[in-house]
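S.K.: Grabbed the feature section from TrEMBL, which reads as follows:
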- B:55-276: domain 'ABC transmembrane type-2' (DOMAIN)
- B:56-78: transmembrane segment (TRANSMEM)
- B:84-106: transmembrane segment (TRANSMEM)
- B:127-157: transmembrane segment (TRANSMEM)
- B:169-190: transmembrane segment (TRANSMEM)
- B:202-220: transmembrane segment (TRANSMEM)
- B:255-273: transmembrane segment (TRANSMEM)
Amino acid sequence: MTILAKPVAIARAASRALDKTATTKGASAATPRVKPLEDERTVRPAAPVARRAPGGRAVIVDNLIKTYDGEAGKVRVLDGISFDIGPGEKIAVLGKNGAGKSTLVKLIGGVEQPTSGVVHRGLSMSWPLSFGGGGIANTMSGLDNTRFIARIYNRPIDETIDFVADFAELGKYLRYPVQTYSSGMRMRLAFALSMAIDFECYLIDEVLGVGDQRFQKKCRDALFGKIDNSAMILVSHHRQTILEYCTKALVLKRGRSRLFDDVEFALDLYSTL
Amino acid sequence: MTVATETNDRRNATARLARYGDGLRDFLSRLATQWRVIRALMIRDMMARYGRENIGFLWLIGEPVLLIGGIIILWSVMKGSVTHGVSVIAFALTGYSMLTIWRHIVSRGTNALKLSTGLLFHQNVRVLDTILAQILMESISTFLSFLFCYLLLYLFGFVELVHDPLLMVLAWVLMTLFSGGFALCLGGLVEMSKPIERMIQPVMYFMLPLTGAFYMVDWMPQRVRDFLLLFPMVHAQEMFRAGFMGPRLTYYYDGWYLFVCGIIAFWLGLAFIKHAERNLHVA
(Lines of atoms letter the chains of each structure in order from A and count residues from 1; the text may use other names and numbers.)
(Lines give C-alpha, C1' and ligand atoms only; values in the text may rest on other atoms or scores of the structure.)
Protein backbone atom coordinates (compact mmCIF):
# COMPACT_ATOMS: atom_id res chain seq x y z
CA MET A 1 0.00 0.00 0.00
CA THR A 2 1.49 3.30 -1.03
CA ILE A 3 1.02 6.40 1.02
CA LEU A 4 -0.04 9.17 -1.32
CA ALA A 5 -0.17 12.12 1.02
CA LYS A 6 2.50 13.79 3.05
CA PRO A 7 3.18 11.94 6.32
CA VAL A 8 2.84 15.15 8.30
CA ALA A 9 -0.58 15.85 6.88
CA ILE A 10 -1.70 12.31 7.60
CA ALA A 11 -0.56 12.56 11.17
CA ARG A 12 -2.39 15.85 11.58
CA ALA A 13 -5.59 14.44 10.09
CA ALA A 14 -5.29 11.33 12.23
CA SER A 15 -4.83 13.25 15.46
CA ARG A 16 -7.80 15.40 14.59
CA ALA A 17 -9.80 12.25 13.95
CA LEU A 18 -8.93 11.03 17.43
CA ASP A 19 -9.99 14.36 18.88
CA LYS A 20 -13.27 14.34 17.06
CA THR A 21 -14.19 10.76 17.89
CA ALA A 22 -15.84 11.81 21.11
CA THR A 23 -18.00 14.45 19.50
CA THR A 24 -19.06 12.86 16.19
CA LYS A 25 -22.07 10.62 16.18
CA GLY A 26 -21.60 8.87 12.86
CA ALA A 27 -20.35 5.37 12.37
CA SER A 28 -17.54 6.64 10.19
CA ALA A 29 -15.58 8.13 13.01
CA ALA A 30 -16.70 5.66 15.65
CA THR A 31 -13.65 3.43 15.39
CA PRO A 32 -10.50 5.41 16.00
CA ARG A 33 -7.76 4.39 13.62
CA VAL A 34 -4.22 5.59 13.83
CA LYS A 35 -3.66 5.60 10.08
CA PRO A 36 -6.97 6.49 8.45
CA LEU A 37 -5.60 6.30 4.95
CA GLU A 38 -3.46 3.18 5.00
CA ASP A 39 -6.03 0.42 4.92
CA GLU A 40 -8.74 2.51 3.39
CA ARG A 41 -9.57 0.07 0.64
CA THR A 42 -10.36 -2.79 2.98
CA VAL A 43 -12.77 -0.96 5.26
CA ARG A 44 -16.44 -1.21 4.30
CA PRO A 45 -18.35 2.04 4.37
CA ALA A 46 -20.72 2.57 7.24
CA ALA A 47 -23.85 0.49 6.84
CA PRO A 48 -26.60 2.83 5.65
CA VAL A 49 -29.45 0.65 6.84
CA ALA A 50 -29.71 2.12 10.30
CA ARG A 51 -30.47 5.66 9.15
CA ARG A 52 -32.88 4.69 6.42
CA ALA A 53 -35.91 6.91 6.38
CA PRO A 54 -39.31 5.27 6.80
CA GLY A 55 -41.49 4.54 3.82
CA GLY A 56 -38.58 4.48 1.40
CA ARG A 57 -38.56 8.27 1.16
CA ALA A 58 -34.84 8.51 0.68
CA VAL A 59 -32.22 8.19 -1.96
CA ILE A 60 -30.47 4.94 -1.21
CA VAL A 61 -27.30 3.94 -2.98
CA ASP A 62 -26.26 0.39 -2.33
CA ASN A 63 -22.98 -1.19 -3.39
CA LEU A 64 -22.76 0.76 -6.61
CA ILE A 65 -20.21 -0.46 -9.13
CA LYS A 66 -19.51 1.16 -12.49
CA THR A 67 -17.04 -0.20 -15.01
CA TYR A 68 -16.23 1.36 -18.35
CA ASP A 69 -14.76 -0.51 -21.29
CA GLY A 70 -11.94 1.58 -22.60
CA GLU A 71 -9.27 1.08 -25.23
CA ALA A 72 -6.77 0.26 -22.51
CA GLY A 73 -8.94 -2.36 -20.83
CA LYS A 74 -11.65 -2.10 -18.24
CA VAL A 75 -11.70 0.78 -15.83
CA ARG A 76 -13.59 0.44 -12.60
CA VAL A 77 -14.57 3.98 -11.78
CA LEU A 78 -16.81 3.24 -8.83
CA ASP A 79 -16.19 0.22 -6.67
CA GLY A 80 -18.91 -0.46 -4.16
CA ILE A 81 -20.35 2.88 -3.06
CA SER A 82 -23.09 2.82 -0.43
CA PHE A 83 -24.84 5.68 1.35
CA ASP A 84 -28.24 7.20 1.68
CA ILE A 85 -29.84 10.61 1.84
CA GLY A 86 -33.05 11.35 3.67
CA PRO A 87 -35.43 14.19 2.82
CA GLY A 88 -33.75 17.55 3.29
CA GLU A 89 -30.26 16.18 3.83
CA LYS A 90 -27.46 17.97 2.05
CA ILE A 91 -24.42 15.93 1.27
CA ALA A 92 -21.15 17.04 -0.26
CA VAL A 93 -19.18 14.78 -2.57
CA LEU A 94 -15.45 15.35 -2.34
CA GLY A 95 -12.66 13.87 -4.36
CA LYS A 96 -9.86 14.70 -6.73
CA ASN A 97 -10.45 15.13 -10.47
CA GLY A 98 -11.21 11.75 -11.92
CA ALA A 99 -12.17 10.22 -8.59
CA GLY A 100 -15.60 9.37 -9.99
CA LYS A 101 -17.67 12.24 -8.63
CA SER A 102 -19.43 13.07 -11.86
CA THR A 103 -19.94 9.39 -12.63
CA LEU A 104 -21.56 8.95 -9.25
CA VAL A 105 -23.85 11.90 -9.89
CA LYS A 106 -24.79 10.52 -13.31
CA LEU A 107 -25.61 7.12 -11.85
CA ILE A 108 -27.71 8.63 -9.08
CA GLY A 109 -29.52 10.80 -11.60
CA GLY A 110 -30.21 7.76 -13.75
CA VAL A 111 -28.34 9.15 -16.75
CA GLU A 112 -26.25 6.00 -16.96
CA GLN A 113 -26.94 2.55 -15.63
CA PRO A 114 -24.68 1.00 -12.98
CA THR A 115 -22.72 -2.15 -13.79
CA SER A 116 -24.10 -3.57 -10.58
CA GLY A 117 -25.70 -2.26 -7.43
CA VAL A 118 -28.90 -0.37 -6.79
CA VAL A 119 -29.97 3.26 -6.73
CA HIS A 120 -33.34 3.68 -5.07
CA ARG A 121 -34.85 7.08 -5.76
CA GLY A 122 -37.49 7.69 -3.14
CA LEU A 123 -37.40 11.45 -3.71
CA SER A 124 -38.15 13.29 -6.91
CA MET A 125 -34.71 13.94 -8.35
CA SER A 126 -33.47 16.79 -10.47
CA TRP A 127 -31.34 16.01 -13.47
CA PRO A 128 -27.63 16.53 -12.80
CA LEU A 129 -26.87 20.22 -13.16
CA SER A 130 -23.42 20.30 -14.71
CA PHE A 131 -21.24 22.55 -16.85
CA GLY A 132 -22.49 21.19 -20.14
CA GLY A 133 -25.97 22.35 -19.19
CA GLY A 134 -27.15 18.75 -19.39
CA GLY A 135 -30.78 18.18 -20.15
CA ILE A 136 -31.07 21.16 -22.47
CA ALA A 137 -31.40 20.80 -26.23
CA ASN A 138 -29.14 23.14 -28.18
CA THR A 139 -31.17 23.45 -31.34
CA MET A 140 -34.33 24.53 -29.54
CA SER A 141 -35.10 27.92 -28.09
CA GLY A 142 -35.16 28.45 -24.36
CA LEU A 143 -38.95 28.61 -24.51
CA ASP A 144 -39.26 25.28 -26.30
CA ASN A 145 -36.86 23.75 -23.81
CA THR A 146 -39.04 25.06 -21.01
CA ARG A 147 -42.15 23.62 -22.60
CA PHE A 148 -40.46 20.25 -23.02
CA ILE A 149 -39.31 20.12 -19.40
CA ALA A 150 -42.75 21.15 -18.16
CA ARG A 151 -44.33 18.36 -20.21
CA ILE A 152 -41.83 15.75 -19.09
CA TYR A 153 -42.28 16.57 -15.41
CA ASN A 154 -46.02 17.18 -15.73
CA ARG A 155 -46.05 20.84 -14.70
CA PRO A 156 -48.37 23.55 -16.05
CA ILE A 157 -46.59 25.00 -19.06
CA ASP A 158 -47.56 28.66 -18.70
CA GLU A 159 -46.58 28.88 -15.04
CA THR A 160 -43.25 27.21 -15.75
CA ILE A 161 -42.51 29.67 -18.54
CA ASP A 162 -43.40 32.59 -16.28
CA PHE A 163 -41.12 31.31 -13.57
CA VAL A 164 -38.21 30.64 -15.91
CA ALA A 165 -38.53 34.03 -17.60
CA ASP A 166 -38.56 35.69 -14.21
CA PHE A 167 -35.72 33.69 -12.67
CA ALA A 168 -33.31 33.35 -15.57
CA GLU A 169 -33.72 37.00 -16.63
CA LEU A 170 -32.78 36.14 -20.18
CA GLY A 171 -35.32 38.55 -21.64
CA LYS A 172 -35.83 38.21 -25.36
CA TYR A 173 -33.01 35.65 -25.62
CA LEU A 174 -35.43 33.08 -24.25
CA ARG A 175 -36.84 32.99 -27.77
CA TYR A 176 -33.49 32.25 -29.39
CA PRO A 177 -31.90 28.80 -29.82
CA VAL A 178 -29.83 27.68 -26.86
CA GLN A 179 -26.81 27.13 -29.10
CA THR A 180 -26.51 30.92 -29.43
CA TYR A 181 -26.25 31.32 -25.63
CA SER A 182 -23.08 31.92 -23.70
CA SER A 183 -22.22 29.30 -21.08
CA GLY A 184 -23.38 31.63 -18.34
CA MET A 185 -26.75 32.14 -20.01
CA ARG A 186 -27.07 28.43 -20.51
CA MET A 187 -26.50 27.81 -16.82
CA ARG A 188 -29.06 30.45 -15.95
CA LEU A 189 -31.60 28.62 -18.04
CA ALA A 190 -30.70 25.21 -16.62
CA PHE A 191 -30.88 26.52 -13.08
CA ALA A 192 -34.17 28.30 -13.64
CA LEU A 193 -35.67 25.16 -15.16
CA SER A 194 -34.66 22.96 -12.28
CA MET A 195 -35.95 25.54 -9.81
CA ALA A 196 -39.24 25.71 -11.66
CA ILE A 197 -39.88 22.00 -11.23
CA ASP A 198 -39.14 22.17 -7.49
CA PHE A 199 -37.48 18.81 -6.90
CA GLU A 200 -37.04 17.08 -3.57
CA CYS A 201 -33.42 16.26 -4.27
CA TYR A 202 -31.00 18.31 -6.34
CA LEU A 203 -27.91 16.92 -8.04
CA ILE A 204 -25.37 19.67 -8.50
CA ASP A 205 -22.08 19.03 -10.23
CA GLU A 206 -19.66 21.92 -9.63
CA VAL A 207 -21.79 24.66 -11.12
CA LEU A 208 -22.50 26.91 -8.18
CA GLY A 209 -19.66 29.21 -9.18
CA VAL A 210 -21.10 30.01 -12.60
CA GLY A 211 -22.65 33.27 -13.64
CA ASP A 212 -22.19 36.79 -12.39
CA GLN A 213 -22.21 37.69 -8.71
CA ARG A 214 -25.86 38.61 -8.58
CA PHE A 215 -27.04 35.47 -10.28
CA GLN A 216 -24.82 33.36 -8.07
CA LYS A 217 -26.44 34.89 -5.04
CA LYS A 218 -29.85 34.31 -6.54
CA CYS A 219 -29.06 30.65 -7.13
CA ARG A 220 -27.75 30.22 -3.64
CA ASP A 221 -30.80 31.86 -2.14
CA ALA A 222 -33.10 29.70 -4.21
CA LEU A 223 -31.21 26.50 -3.56
CA PHE A 224 -30.46 26.87 0.11
CA GLY A 225 -32.99 29.40 1.28
CA LYS A 226 -36.48 29.12 -0.12
CA ILE A 227 -36.49 25.37 -0.61
CA ASP A 228 -34.51 24.60 2.46
CA ASN A 229 -36.19 21.25 2.88
CA SER A 230 -34.97 19.84 -0.39
CA ALA A 231 -32.16 17.32 -0.26
CA MET A 232 -29.02 17.87 -2.24
CA ILE A 233 -26.01 16.08 -3.57
CA LEU A 234 -23.39 18.71 -4.10
CA VAL A 235 -20.14 18.12 -5.93
CA SER A 236 -17.95 21.06 -5.16
CA HIS A 237 -14.40 22.11 -4.49
CA HIS A 238 -15.58 25.22 -2.74
CA ARG A 239 -14.80 24.80 0.93
CA GLN A 240 -16.94 27.68 2.14
CA THR A 241 -20.09 26.49 0.39
CA ILE A 242 -19.71 22.98 1.69
CA LEU A 243 -19.05 24.05 5.26
CA GLU A 244 -21.99 26.40 5.18
CA TYR A 245 -24.67 24.13 3.80
CA CYS A 246 -23.75 20.45 3.93
CA THR A 247 -24.39 18.18 6.87
CA LYS A 248 -22.47 15.20 5.57
CA ALA A 249 -19.60 14.60 3.23
CA LEU A 250 -18.76 11.66 1.05
CA VAL A 251 -15.09 11.35 0.22
CA LEU A 252 -14.26 9.45 -2.93
CA LYS A 253 -10.90 7.95 -3.65
CA ARG A 254 -10.07 5.34 -6.27
CA GLY A 255 -13.67 4.31 -6.59
CA ARG A 256 -14.16 3.74 -2.88
CA SER A 257 -16.04 6.05 -0.61
CA ARG A 258 -16.46 6.97 3.02
CA LEU A 259 -19.26 8.97 4.52
CA PHE A 260 -18.43 11.52 7.20
CA ASP A 261 -20.84 13.28 9.49
CA ASP A 262 -18.12 15.74 10.29
CA VAL A 263 -17.84 17.87 7.18
CA GLU A 264 -14.85 19.85 8.36
CA PHE A 265 -12.90 16.68 9.07
CA ALA A 266 -13.83 15.32 5.66
CA LEU A 267 -12.61 18.53 4.02
CA ASP A 268 -9.30 18.27 5.86
CA LEU A 269 -8.93 14.66 4.88
CA TYR A 270 -9.78 15.54 1.31
CA SER A 271 -7.14 18.24 1.23
CA THR A 272 -4.53 15.66 2.18
CA LEU A 273 -5.57 13.23 -0.55
CA MET B 1 -37.51 19.71 12.95
CA THR B 2 -40.45 17.90 14.54
CA VAL B 3 -42.82 19.69 12.21
CA ALA B 4 -40.78 18.47 9.30
CA THR B 5 -40.88 14.87 10.52
CA GLU B 6 -44.61 15.05 11.04
CA THR B 7 -45.29 16.28 7.54
CA ASN B 8 -42.90 13.67 6.25
CA ASP B 9 -44.74 10.94 8.14
CA ARG B 10 -48.02 12.11 6.74
CA ARG B 11 -46.55 12.18 3.28
CA ASN B 12 -45.20 8.68 3.81
CA ALA B 13 -48.59 7.43 4.90
CA THR B 14 -50.28 8.81 1.81
CA ALA B 15 -47.50 7.45 -0.36
CA ARG B 16 -47.96 4.01 1.17
CA LEU B 17 -51.70 4.18 0.70
CA ALA B 18 -51.19 5.09 -2.91
CA ARG B 19 -48.74 2.26 -3.37
CA TYR B 20 -51.06 -0.39 -2.01
CA GLY B 21 -53.97 1.16 -3.85
CA ASP B 22 -55.55 -0.12 -6.95
CA GLY B 23 -53.02 -2.02 -9.03
CA LEU B 24 -54.84 -1.18 -12.20
CA ARG B 25 -54.89 2.50 -11.39
CA ASP B 26 -51.15 2.32 -10.78
CA PHE B 27 -50.66 0.67 -14.14
CA LEU B 28 -52.83 3.24 -15.86
CA SER B 29 -51.00 6.14 -14.27
CA ARG B 30 -47.71 4.65 -15.40
CA LEU B 31 -49.14 4.27 -18.86
CA ALA B 32 -50.24 7.89 -18.76
CA THR B 33 -46.73 8.94 -17.76
CA GLN B 34 -45.28 6.84 -20.55
CA TRP B 35 -47.55 8.46 -23.08
CA ARG B 36 -46.87 11.93 -21.69
CA VAL B 37 -43.12 11.39 -22.01
CA ILE B 38 -43.33 10.01 -25.52
CA ARG B 39 -45.62 12.81 -26.59
CA ALA B 40 -43.28 15.41 -25.12
CA LEU B 41 -40.36 13.76 -26.89
CA MET B 42 -42.20 13.81 -30.19
CA ILE B 43 -43.03 17.49 -29.89
CA ARG B 44 -39.46 18.21 -28.85
CA ASP B 45 -38.12 16.26 -31.80
CA MET B 46 -40.35 18.22 -34.14
CA MET B 47 -39.24 21.54 -32.69
CA ALA B 48 -35.57 20.62 -32.59
CA ARG B 49 -35.60 19.51 -36.22
CA TYR B 50 -37.73 22.13 -37.89
CA GLY B 51 -38.18 24.94 -35.39
CA ARG B 52 -40.62 27.75 -36.07
CA GLU B 53 -39.04 29.31 -39.10
CA ASN B 54 -40.94 29.51 -42.43
CA ILE B 55 -43.49 26.66 -42.47
CA GLY B 56 -41.97 25.17 -39.30
CA PHE B 57 -42.89 21.64 -38.42
CA LEU B 58 -45.00 21.31 -41.56
CA TRP B 59 -41.68 20.31 -43.11
CA LEU B 60 -42.24 17.07 -41.27
CA ILE B 61 -44.79 16.31 -43.97
CA GLY B 62 -43.18 18.47 -46.62
CA GLU B 63 -39.89 16.59 -46.71
CA PRO B 64 -41.36 13.18 -47.57
CA VAL B 65 -43.83 14.83 -49.95
CA LEU B 66 -40.93 16.29 -51.92
CA LEU B 67 -39.22 12.90 -52.00
CA ILE B 68 -42.29 10.91 -52.98
CA GLY B 69 -43.45 13.55 -55.45
CA GLY B 70 -40.03 13.72 -57.07
CA ILE B 71 -39.88 9.95 -57.47
CA ILE B 72 -43.37 9.87 -58.96
CA ILE B 73 -42.37 12.44 -61.58
CA LEU B 74 -39.06 10.70 -62.29
CA TRP B 75 -40.60 7.27 -62.74
CA SER B 76 -43.42 8.61 -64.86
CA VAL B 77 -40.86 10.15 -67.19
CA MET B 78 -38.71 7.02 -67.25
CA LYS B 79 -41.33 4.31 -67.53
CA GLY B 80 -44.30 5.99 -69.14
CA SER B 81 -47.70 5.92 -67.54
CA VAL B 82 -48.18 2.17 -67.29
CA THR B 83 -45.76 -0.64 -66.42
CA HIS B 84 -46.77 -4.33 -66.37
CA GLY B 85 -50.36 -3.20 -66.41
CA VAL B 86 -49.92 -1.06 -63.29
CA SER B 87 -50.26 2.70 -63.23
CA VAL B 88 -46.76 4.03 -62.59
CA ILE B 89 -48.06 6.81 -60.39
CA ALA B 90 -49.89 4.42 -58.06
CA PHE B 91 -46.90 2.09 -58.15
CA ALA B 92 -44.43 4.82 -57.24
CA LEU B 93 -46.68 6.36 -54.60
CA THR B 94 -47.18 3.11 -52.71
CA GLY B 95 -43.63 1.89 -53.23
CA TYR B 96 -41.90 5.06 -52.18
CA SER B 97 -44.11 5.71 -49.16
CA MET B 98 -43.29 2.28 -47.78
CA LEU B 99 -39.63 2.62 -48.68
CA THR B 100 -39.47 6.01 -46.96
CA ILE B 101 -40.86 4.76 -43.68
CA TRP B 102 -38.52 1.76 -43.77
CA ARG B 103 -35.44 3.87 -44.42
CA HIS B 104 -36.35 6.70 -42.08
CA ILE B 105 -37.38 4.54 -39.17
CA VAL B 106 -34.30 2.36 -39.39
CA SER B 107 -31.83 5.22 -39.74
CA ARG B 108 -33.42 7.47 -37.12
CA GLY B 109 -34.02 4.62 -34.70
CA THR B 110 -30.42 3.52 -35.06
CA ASN B 111 -29.00 6.96 -34.47
CA ALA B 112 -31.41 7.80 -31.68
CA LEU B 113 -29.19 6.17 -29.10
CA LYS B 114 -26.32 8.48 -29.95
CA LEU B 115 -28.24 11.67 -30.56
CA SER B 116 -30.50 11.58 -27.58
CA THR B 117 -28.04 10.96 -24.77
CA GLY B 118 -28.69 14.48 -23.52
CA LEU B 119 -32.33 13.54 -22.92
CA LEU B 120 -31.40 10.79 -20.51
CA PHE B 121 -30.67 13.47 -17.96
CA HIS B 122 -34.38 13.48 -17.22
CA GLN B 123 -35.39 10.62 -15.05
CA ASN B 124 -38.62 9.81 -16.80
CA VAL B 125 -36.87 9.51 -20.13
CA ARG B 126 -35.27 6.20 -20.94
CA VAL B 127 -33.42 5.19 -24.08
CA LEU B 128 -36.39 3.19 -25.25
CA ASP B 129 -38.70 6.21 -24.96
CA THR B 130 -36.53 8.29 -27.25
CA ILE B 131 -36.42 5.57 -29.91
CA LEU B 132 -40.15 4.84 -29.66
CA ALA B 133 -40.84 8.54 -30.07
CA GLN B 134 -38.68 8.64 -33.20
CA ILE B 135 -40.37 5.57 -34.65
CA LEU B 136 -43.88 6.88 -34.00
CA MET B 137 -42.96 10.29 -35.34
CA GLU B 138 -41.57 8.91 -38.58
CA SER B 139 -44.49 6.58 -39.07
CA ILE B 140 -47.11 9.27 -38.51
CA SER B 141 -45.39 11.99 -40.50
CA THR B 142 -44.73 9.73 -43.50
CA PHE B 143 -48.31 8.53 -43.40
CA LEU B 144 -49.55 12.11 -43.40
CA SER B 145 -47.35 12.94 -46.36
CA PHE B 146 -48.62 9.84 -48.16
CA LEU B 147 -52.18 11.04 -47.53
CA PHE B 148 -51.25 14.51 -48.77
CA CYS B 149 -49.73 13.14 -52.00
CA TYR B 150 -52.63 10.76 -52.48
CA LEU B 151 -55.19 13.51 -51.99
CA LEU B 152 -53.50 15.75 -54.55
CA LEU B 153 -53.15 12.95 -57.10
CA TYR B 154 -56.73 11.83 -56.52
CA LEU B 155 -58.12 15.33 -56.93
CA PHE B 156 -56.28 15.70 -60.23
CA GLY B 157 -57.48 12.31 -61.33
CA PHE B 158 -54.15 10.50 -61.52
CA VAL B 159 -55.12 7.69 -59.14
CA GLU B 160 -58.36 5.94 -58.31
CA LEU B 161 -60.08 5.74 -54.94
CA VAL B 162 -58.26 3.28 -52.68
CA HIS B 163 -59.72 -0.19 -52.59
CA ASP B 164 -59.34 -1.20 -48.94
CA PRO B 165 -58.12 1.55 -46.55
CA LEU B 166 -58.14 -0.76 -43.53
CA LEU B 167 -55.76 -3.20 -45.19
CA MET B 168 -53.45 -0.32 -46.03
CA VAL B 169 -53.47 1.03 -42.48
CA LEU B 170 -52.83 -2.48 -41.20
CA ALA B 171 -49.89 -2.88 -43.56
CA TRP B 172 -48.59 0.48 -42.42
CA VAL B 173 -48.86 -0.41 -38.73
CA LEU B 174 -47.21 -3.80 -39.25
CA MET B 175 -44.43 -2.20 -41.29
CA THR B 176 -43.89 0.29 -38.47
CA LEU B 177 -43.77 -2.58 -36.00
CA PHE B 178 -41.23 -4.54 -38.01
CA SER B 179 -38.98 -1.65 -38.99
CA GLY B 180 -39.20 -0.32 -35.44
CA GLY B 181 -38.07 -3.68 -34.11
CA PHE B 182 -35.33 -3.82 -36.71
CA ALA B 183 -34.22 -0.31 -35.74
CA LEU B 184 -34.12 -1.28 -32.07
CA CYS B 185 -31.96 -4.30 -32.91
CA LEU B 186 -29.57 -2.24 -35.00
CA GLY B 187 -29.48 0.53 -32.41
CA GLY B 188 -28.47 -1.94 -29.73
CA LEU B 189 -25.92 -3.70 -31.94
CA VAL B 190 -24.35 -0.44 -33.10
CA GLU B 191 -23.82 0.58 -29.50
CA MET B 192 -22.21 -2.76 -28.73
CA SER B 193 -19.79 -3.05 -31.62
CA LYS B 194 -18.01 -0.56 -33.85
CA PRO B 195 -17.61 -2.88 -36.91
CA ILE B 196 -21.36 -3.32 -37.13
CA GLU B 197 -21.75 0.44 -37.15
CA ARG B 198 -19.45 0.67 -40.18
CA MET B 199 -21.38 -2.05 -41.98
CA ILE B 200 -24.82 -0.54 -41.57
CA GLN B 201 -24.63 1.86 -44.50
CA PRO B 202 -23.77 -0.76 -47.17
CA VAL B 203 -26.10 -3.35 -45.68
CA MET B 204 -29.02 -0.91 -45.69
CA TYR B 205 -28.18 0.07 -49.25
CA PHE B 206 -28.13 -3.49 -50.54
CA MET B 207 -31.35 -4.20 -48.70
CA LEU B 208 -33.20 -1.63 -50.81
CA PRO B 209 -34.20 -4.16 -53.50
CA LEU B 210 -35.49 -6.45 -50.76
CA THR B 211 -38.12 -3.96 -49.64
CA GLY B 212 -40.31 -4.71 -52.62
CA ALA B 213 -40.67 -1.08 -53.63
CA PHE B 214 -39.32 -1.46 -57.16
CA TYR B 215 -41.29 -4.46 -58.38
CA MET B 216 -44.29 -6.62 -57.62
CA VAL B 217 -43.69 -10.16 -56.49
CA ASP B 218 -46.08 -11.36 -59.17
CA TRP B 219 -43.62 -10.27 -61.90
CA MET B 220 -40.92 -12.57 -60.54
CA PRO B 221 -40.22 -16.23 -61.37
CA GLN B 222 -41.19 -18.78 -58.73
CA ARG B 223 -37.73 -19.20 -57.18
CA VAL B 224 -37.11 -15.48 -56.78
CA ARG B 225 -40.60 -15.14 -55.39
CA ASP B 226 -39.93 -17.73 -52.66
CA PHE B 227 -36.71 -15.95 -51.76
CA LEU B 228 -38.28 -12.50 -51.69
CA LEU B 229 -41.12 -13.64 -49.49
CA LEU B 230 -38.64 -14.45 -46.75
CA PHE B 231 -38.40 -10.72 -46.11
CA PRO B 232 -41.20 -9.15 -44.06
CA MET B 233 -40.79 -5.79 -45.83
CA VAL B 234 -41.95 -7.39 -49.09
CA HIS B 235 -45.07 -8.71 -47.36
CA ALA B 236 -45.86 -5.25 -46.01
CA GLN B 237 -45.33 -3.70 -49.42
CA GLU B 238 -47.58 -6.22 -51.18
CA MET B 239 -50.24 -5.84 -48.52
CA PHE B 240 -50.16 -2.06 -48.87
CA ARG B 241 -50.49 -2.28 -52.63
CA ALA B 242 -53.28 -4.83 -52.34
CA GLY B 243 -55.19 -2.31 -50.25
CA PHE B 244 -54.43 0.49 -52.68
CA MET B 245 -55.00 -1.08 -56.09
CA GLY B 246 -57.58 -3.74 -55.42
CA PRO B 247 -58.03 -7.30 -56.60
CA ARG B 248 -57.38 -6.92 -60.32
CA LEU B 249 -53.71 -7.85 -59.68
CA THR B 250 -52.16 -10.79 -57.86
CA TYR B 251 -50.44 -10.11 -54.53
CA TYR B 252 -48.35 -12.34 -52.34
CA TYR B 253 -48.40 -11.55 -48.64
CA ASP B 254 -49.06 -13.13 -45.28
CA GLY B 255 -50.15 -10.68 -42.59
CA TRP B 256 -49.46 -13.13 -39.80
CA TYR B 257 -45.94 -13.79 -41.00
CA LEU B 258 -45.30 -10.05 -40.99
CA PHE B 259 -46.85 -9.68 -37.55
CA VAL B 260 -44.82 -12.51 -36.02
CA CYS B 261 -41.63 -11.18 -37.58
CA GLY B 262 -42.43 -7.75 -36.18
CA ILE B 263 -43.04 -9.11 -32.68
CA ILE B 264 -39.82 -11.15 -32.75
CA ALA B 265 -37.80 -8.21 -34.05
CA PHE B 266 -39.24 -5.95 -31.38
CA TRP B 267 -38.58 -8.47 -28.66
CA LEU B 268 -34.98 -8.94 -29.76
CA GLY B 269 -34.59 -5.19 -30.12
CA LEU B 270 -35.80 -4.57 -26.57
CA ALA B 271 -33.23 -7.06 -25.27
CA PHE B 272 -30.43 -5.45 -27.29
CA ILE B 273 -31.39 -1.96 -26.18
CA LYS B 274 -31.55 -3.04 -22.56
CA HIS B 275 -28.05 -4.43 -22.88
CA ALA B 276 -26.73 -1.39 -24.73
CA GLU B 277 -28.24 1.01 -22.19
CA ARG B 278 -26.17 -0.64 -19.50
CA ASN B 279 -22.94 0.23 -21.26
CA LEU B 280 -23.97 3.62 -22.56
CA HIS B 281 -21.50 6.38 -21.80
CA VAL B 282 -23.00 9.84 -21.61
CA ALA B 283 -20.41 12.56 -22.05
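Glycine too: its Cβ is placed from the backbone N, Cα and C atoms.
Explain the structural surroundings of these features, please.
M.R.: With a cut-off of 8 Å between Cβ atoms, the residues of this chain six or more beyond the transmembrane segment (B:84-106) that come close are 64, 67-68, 71-72, 75-76, 134-135, 138-139, 142-143, 145-146, 149-150, 153, 158-160, 171-172, 175-176, 179-180, 182-183, 186, 204, 208, 211-214, 216, 219, 233, 236-237, 240-241, 244-245, 249.
Below 8 angstroms of C-beta separation, residues 98, 101-102, 105-106, 108-113, 128, 131-132, 135-136, 139, 143, 196-197, 200, 232-233, 236-237, 239-240, 242-243, 255, 258-259, 261-276 of the same chain, each at least six residues beyond the ends of the transmembrane segment (B:169-190), sit close to that stretch.
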S.K.: Short question: which residues 6 or more past the ends of the transmembrane segment (B:56-78) have a Cβ under 8 Å from it?
M.R.: 46-47, 49-50, 88-89, 91-93, 96-97, 100, 104, 137, 141-142, 144-146, 148-149, 153
S.K.: In terms of Cβ proximity under 8 Å, which residues at least six beyond the ends of the transmembrane segment (B:255-273) contact it?
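M.R.: Contacts with the transmembrane segment (B:255-273): 113, 127-128, 131, 170-171, 174-175, 177-178, 180-185, 187-189, 192, 232, 235-236, 239.
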S.K.: Cβ under 8 Å, sequence separation of at least 6 from the ends of the transmembrane segment (B:202-220): give me the contacting residues as numbers and ranges.
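M.R.: Sequence-remote neighbours of the transmembrane segment (B:202-220) are 84, 86, 91, 95-96, 98-99, 102-103, 106-107, 228-229, 231, 233-234, 236-238, 241, 249-252.
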